Amino acid sequence: MAATPESPQSSILVIYTGGTAGMAYNKRGELVPMNFEQIRRKMPELRQLNMLVEVVNLGEPIDSSNVTTADWLRMAALIAEKYDQYDGFVVLHGTDTMAYSAAALSFLLENLGKTVVFTGAQVPVGGIRTDARRNLVTALEMAAARHPMAKTVRVPEVCLFFNDLLIRGNRAKKVESQQYDAFRSENYPPLAQAGIELAFHDRHIRLLPAGKLCVHQRLDERVALIRLFPGLSERVLRAQLELDDLRGCVLETYGSGNAPTTPWFLQCLREASDRGVVLFNVSQCEEGRVLQGRYETSAYLSDLGIVGGDDITVEAAITKLMFVLGLDLGPAQSRRLMAQDLRGEITLL
Ligand code: ASP
């Protein structure tokens, strides 16, 4: 299904996955996803854009709380299949897990030379005060953006547009469920801002890759995410770290990457690490970074083989772990890759 102006300047593929943007109320008064044809009827402005906008459904539209790693692999495969046909891509997605999906896609799409923008809305497209129209129209413009002189792709990245900010996908975090500014860029400046004009912050945007697009097709789900809290018991920690086939675990620690120094706690981590489980240390703080060794309470972590996550978000950490483990490189090499900046997800000091 397409919106076709006479001489379109660019062509964008919208991958429709579901989410509030495309939802309507059912008879019980609950929001449920509708199909894109219904959305398009409510958005005549799509025809005003000087671009060819084609739409493909990823599957039955879903609330993004139901998104799976298989969906991420399908999104990546679809972008690979259509890569040469379109100038850019917009993924219309629910906000709840959008930051996870955008981060996952950033890892799966290596050497991305086109723009992939995730967007969605807080209020359905049929609502009078909907933000779906503005978000989708601006995301389409961002996806089609070129450098004014060179005409090369302006944002060769997986990113997320919401309200007025274009954010690197693997730096995004949903921070708000009631207001329109639902996302924030963590530990990295936004890539662009939409005011009356679109203002791109080119020096924060990744350069066009030298190599060809490489689309990865494996994510390892044998991972866990453990958030530390005072009172976490040995029984509960062991129940997770001793899972038979566990291959990786993100530990959400305190402050600049600190954790208890209690002997049983250290012993649990040591045993997991010795079994080849890749442990990745991410801070519960939204700003700042993990600095293993700054305090005594984190000094031993590096000796146990635990990788410091620097300033990565939890969403990017867990998807990076799935991606790196999916490469099947063995624990030592996986630990090395986890410490590297693969797609702009961490700022190394
Ligand atoms: N529950 C919805 C979803 O993530 C929320 C939204 O789209 O804003 O699909």
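Even glycines carry a Cβ here, placed using N, Cα and C.
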Response to the item:
According to TrEMBL, THR95, ASP96 bind substrate, and the residue from SER64, SER106 that belongs to that same site is SER64
Worksheet entry | SER64 (substrate binding site) and THR20 (active site, O-isoaspartyl threonine intermediate), distance between Cα atoms, whole Å | 9
Discussion item. DSSP on the domain 'Asparaginase/glutaminase C-terminal' (222-338): how many residues come out helix, how many strand, how many coil?
Written reply: 49 helix, 21 strand, 47 coil
Response to the item:
Here the 10 Å Cβ neighbour count for ASP96 (substrate binding site) comes out at 19
Worksheet item: To what whole number does the mean pLDDT across the domain 'Asparaginase/glutaminase C-terminal' (222-338) round?
Response: 95
